[in-house]
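Data first, discussion second: the structure below is written as structure tokens.
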Amino acid sequence: MAPSTQRAKGSKAKSSPAASKSKESSSLSSSTSYSTASPLEYTTSKETITTVTNAGKAPRLNLPVYRYATWLEENQLKRTAPWIAVAAALLVRWAVSLGPYSGMATPPRYGDYEAQRHWMELTIHRPIREWYSDNSKWWDLDYPPLTAYISWICGYIGNMINPEWFAWQSSRGFESPDAKLYMRSTVLFSEVLVYFTSVIGFTKLWFANKPWTRKHTALVLILLQPGLILIDNGHFQYNAVMLGLVVWSVNCFLADQDVLGSIFFCLALGFKQMGLYFAPAVFAYLLGKSFKQDFFGCIWKLIKLGSTVIVTLGLLFAPLAQSQEEILQVLHRIFPVFRGIYQDKVANVWCAVNIVIKLREMFDIQDLVRFSTLATLMGFLPSVLHLIAKPTKRGLIYGLINSSLSFFLLSFQVP
């Protein structure tokens, strides 16, 4: 009995260092855990990466905005929180809009602010069928029809307030404080009406089964995304309208309302041609969903979606182009390939390559169009093929990212 007991004790004593080492390893691994389910489930360590978990709750990012969302939840302010986020986003945008903009007090062209102002002037003073053929050599209207219609609405209202702001030709370069206040307000109003509502809807749909803190964190981060604020409220643009319409289309797709989503996406294309950046992913997703049905179901779905696109775009273009010549003129303005593969200094691959290889000197425009089109196609093709084979909602989001980034970096220059 004694020798056996002694061997058992000895065996236990020998295993103690290994057991201790195993416990240390287990403790270390538990202090730095990662989740791959979603970017917002990433958990961080005590110094740079800290695991922040509560009993029975999912891990979270230890970010100020997440701590703020947690504080709101703990103090039962979830109903008020979206209003606070919207108010903060509006305040930041208005503060940025108080600063200068590109082209301010800089003749002869005065920048994008003057371009948008002139389109309002043009649309209220010229017949609708002359909007895209006006030859005044001053900021030609080169955005799709929905931009023109909204310019007409803004110009009509502004002209009633003060006709001096949009007087034909004599208002070129007009930059009075009250005119700028009105123009900045149109940007802000359009953002609230289209972009803010779409983002709120998206966070509710995408994070429906996730903790409230994650949903609110996403809402705050999207509404306060600095790039869009600087471009629209600083430089002066209406990009949030196009992006908001794209997000509304995504919201419809997430809710399985594909026809309504197609209408919203066509409206995005009708507002700004950069909506095409998202088109391959949307097309692949809808095509993949159609292929998942039986033969007759697939044909019927394709007919419905195709008819929706044709009717929506037809209604947008019909008032402006009622002959082949007019249609070609509108398309010539919207897709000005004569400008070259890029303009000025833009953050795409071709501008970077041009430092070493002078593309515009070595090739003609048609060759550059073909080359950039092929490069763009190769950029988004893997995502498109994956979406056709597996048309999931998560895949749609990643496909939209890959498609738009491929166009941004590799496509031929469009406005």
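The backbone N, Cα and C atoms fix where each Cβ goes, and this holds for glycine too.
TrEMBL does not curate its annotations; it predicts them automatically.
Under the heading compositional bias 'Low complexity', TrEMBL lists 13-36.
TrEMBL lists 1-36 with the feature region 'Disordered'.
Taken from TrEMBL, the feature transmembrane segment covers 81-101 (among others).
Within its own chain, the transmembrane segment (146-166) is flanked in space by residues 116-117, 119-125, 131-132, 174, 176, 178-179, 182-183, 186, 190, 238, 241, 267, 270-272, 316, 320, which lie at least six positions past its ends and keep a Cβ under 8 Å from the stretch. Feature annotation from TrEMBL assigns transmembrane segment to 146-166 (among others).
Residues 82, 86, 89-90, 93-94, 97, 150, 214-216, 218-219, 222-223, 232-233, 236-238, 240-241, 243-245, 247-248, 250-251, 254-255 of the same chain lie 6+ residues outside the transmembrane segment (187-207) yet bring a C-beta within less than 8 angstroms of a C-beta in it. Residues or ranges marked as transmembrane segment in TrEMBL: 187-207 (among others).
The transmembrane segment annotation in TrEMBL covers 238-256 (among others). Packing against the transmembrane segment (238-256) from elsewhere in the chain are residues 116, 147, 150, 187, 190-191, 194-199, 201-202, 205-206, 228, 231-232, 262-265, 267-268, 271-272, 274-275, 278, 282, 285-286, 393, 396-397, 400: each is 6 or more residues past its ends and has a CB under 8 Å from a CB in it.
The transmembrane segment annotation in TrEMBL covers 262-287 (among others).
For 299-321 (among others), the entry in TrEMBL reads transmembrane segment.
If you look up TrEMBL, you'll see 368-389 (among others) marked as transmembrane segment. Under 8 Å from some Cβ of the transmembrane segment (368-389) lie the Cβ atoms of residues 280-281, 283-285, 287-288, 291, 337, 340-341, 349-350, 359-360, 395-396, 398-399, 402-403, 405-407, 409-412, all in the same chain and six or more residues away from its ends.
Same-chain residues lying 6+ beyond the ends of the transmembrane segment (396-414) with a Cβ under 8 Å from its Cβ atoms: 246, 250, 253, 273-274, 276-282, 284-285, 335-337, 339-343, 346-350, 368-369, 372-373, 375-376, 379-380, 382-384, 386-387. Per TrEMBL, transmembrane segment is recorded for 396-414 (among others).
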Close approaches to the transmembrane segment (81-101) from elsewhere in its chain (Cβ under 8 angstroms; 6 or more beyond its ends): 69, 72, 111-113, 184, 187-188, 191-192, 196, 200, 216, 219-220, 223-224, 229-230, 232-236
